[in-house]
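According to TrEMBL, the feature (6S)-5-formyl-5,6,7,8-tetrahydrofolate binding site maps to R26, E87, R126, K457. Marked as K(+) binding site by TrEMBL: N232, S251, I253, T256. TrEMBL lists 232-237, 251-257, 276-279 with the feature GTP binding site. If you look up TrEMBL, you'll see S236, T257 marked as Mg(2+) binding site. Per TrEMBL, the feature domain 'TrmE-type G' maps to 222-379.
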Amino acid sequence: MLTHTLSDTIVAPASPAGVGAIAVIRVSGKNAIEITNEIFSGKDLTQVPSHTIHFGTIRSEKGEIIDEVLVSVFHEPNSFTKENSTEISCHGSPYIVEQILKRLLSKGARMAEAGEFTKRAFLNGRFDLAQAEAVADLIASTSQASHQVAMKQMRGGFSQKIKELRSELIRFAALVELELDFAEEDVEFANRAELKSFLQNVTQYVNELLQSFAWGNVLKNGIPTAIVGKPNAGKSTLLNTLLQEEKAIVSDIAGTTRDIIEDEIVLDGIRFRFIDTAGLRETQDTIEAIGVERAKQKMQEASLILYLVDSSEMSENLDFLQKELQNLQKPYFILFNKTDKLSAEKIAELEKTLNALCISAKEQKGIEKLKKNLIELVKKQKISHSDIVISNVRHYDALAKTYQSLQKVLADIETAITTDLLAADIREAIRYLGEIIGEVTSEDLLDYIFSKFCIGK
Ligand code: GDP
């Protein structure tokens, strides 16, 4: 539970645990600068201007040097938390970090809870809840697409839109409630036709946002992509070909901790995750029936399907296949593999008649074209949705509830329900919208959201 008061001064390492060139310790709260100053020698930090950096040493109680450090000083309200803050950059040794933390604690600071810096930023009005959550997403982003979604959310486009809708709903609610005061006189301050048309617009917008969730999730977590096809169609070969370059890039980055590389590739900033690829490799020896079942299951789980056909055998019923794939109602590509075994004429004919992609997984032909098609497909999907993409389950939940209450309000207007019930239903929609940006939040919800952050954030 985050029950501490805001007057506390909190500290935490802001850089990851372990050895590094430098580590950063964050201090925030009313006495952040004084507390830092007490353990720092070199300059009186209480006298320096905001946004300045100072070189000096931090010593043990006995006066021995723990480390040479740089301290950045921020005066309230011009810091991340809007509180007095310092950031101590020391050498990246876990021992040094621990010793400096101990010194800060001995001077009256306390260890920060997970997410407490961001929680303070929220409570001090730096940003709303949706923006605070985007900070966590931003830190966790692993591709350009997920970074973009988080960055947009953090900069407040989504919040702004929700705020606008909410204040317009509040305006209507106020008018409807005013009617209650004049109940005897049968007046209508809130024009019902206007209210209805506004509600229809909002409902449509909220629905679009709800629709964008599936896509937002995909951008945030990568696109689950299934490579399916009969045994020996060349699925593993294709996967290896696709992963090859990626693996080379990843292992070239010195000091990377990711020694186990997942089966995923990043194309033009978009992450494609190949699902259940271990099983894929096994299908070669399993009997056909099980293979079909597995393939179907995999296709259900995926957002995108690459269906491989061995073009040198063509044992598939292509009409049937196409129908099956269409029934799944998700984007797919039929890939004719092993076209290195076919003549150029045959390839041209296949491409023309079946609108499929011809590749050779083994000889790495048509792979660039496949990648280009994958990127285009994703970009096309993105455009078809509103500019704002929902990627947070909590927002999705609140929007789904908003949607339901908006539907209820619309039905209320149709049935000319009593004014007090109408007002109550509008209030409900307002409350759900408010939950997203933190206009109405319980302490429990805040605890839940911020406890998912890491310490030091
Ligand atoms: P899977 O069972 O679908 O995973 O198929 P594999 O990737 O294991 O491939 C089955 C066989 O087809 C292997 O002998 C591969 O070398 C071969 N193969 C895969 N792709 C191609 C290709 O593009 N051209 C040719 N000629 N052979 C291929």
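Each position is counted from 1, following the chain as shown.
Here the Cβ of each residue, glycine as well, is placed from N, Cα and C on the backbone.
Filtering R126, N232, K235, S236, K457 by Cβ distance to ligand 1 (under 6 A) retains the following binding-site residues: N232, K235, S236. The DSSP secondary structure for K457 ((6S)-5-formyl-5,6,7,8-tetrahydrofolate binding site) is coil. For S236 (Mg(2+) binding site), the nearest of the binding-site residues E87, R126, K457 in terms of C-alpha separation is K457. Mapped onto three states, the DSSP output places K235 (GTP binding site) in helix. When the Cα positions of R26, E87, R126, K457 are compared pair by pair, the longest gap among these (6S)-5-formyl-5,6,7,8-tetrahydrofolate-binding residues is 19 Å.
Residues belonging to the domain 'TrmE-type G' (222-379) score a mean pLDDT of 77 in the model. Nearest in space to N232 (K(+) binding site), taking C-alpha to C-alpha distance over the binding-site residues R26, E87, R126, K457, is K457. According to its DSSP assignment, R126 ((6S)-5-formyl-5,6,7,8-tetrahydrofolate binding site) is coil. Remark: R26 ((6S)-5-formyl-5,6,7,8-tetrahydrofolate binding site) has V11, A12, P13, A14, S85, T86, E87, A112, F117, G456 as non-local neighbours, by Cβ distance under 8 Å and separation of at least 6 in sequence.
Contacts of K457 ((6S)-5-formyl-5,6,7,8-tetrahydrofolate binding site) defined by a Cβ separation under 8 A and a same-chain sequence distance of 6+ are given as A14, A114, G115, F117, T118, V135, A136, I139, in order along the sequence. DSSP classifies E87 ((6S)-5-formyl-5,6,7,8-tetrahydrofolate binding site) as strand under the three-state reduction. Rounded to a whole value, the Cα-Cα separation of K235 (GTP binding site) and R126 ((6S)-5-formyl-5,6,7,8-tetrahydrofolate binding site) is 50 Å.
Shown are the binding-site residues R126, K235; the one with the most C-beta atoms within 10 angstroms of its own C-beta is K235.
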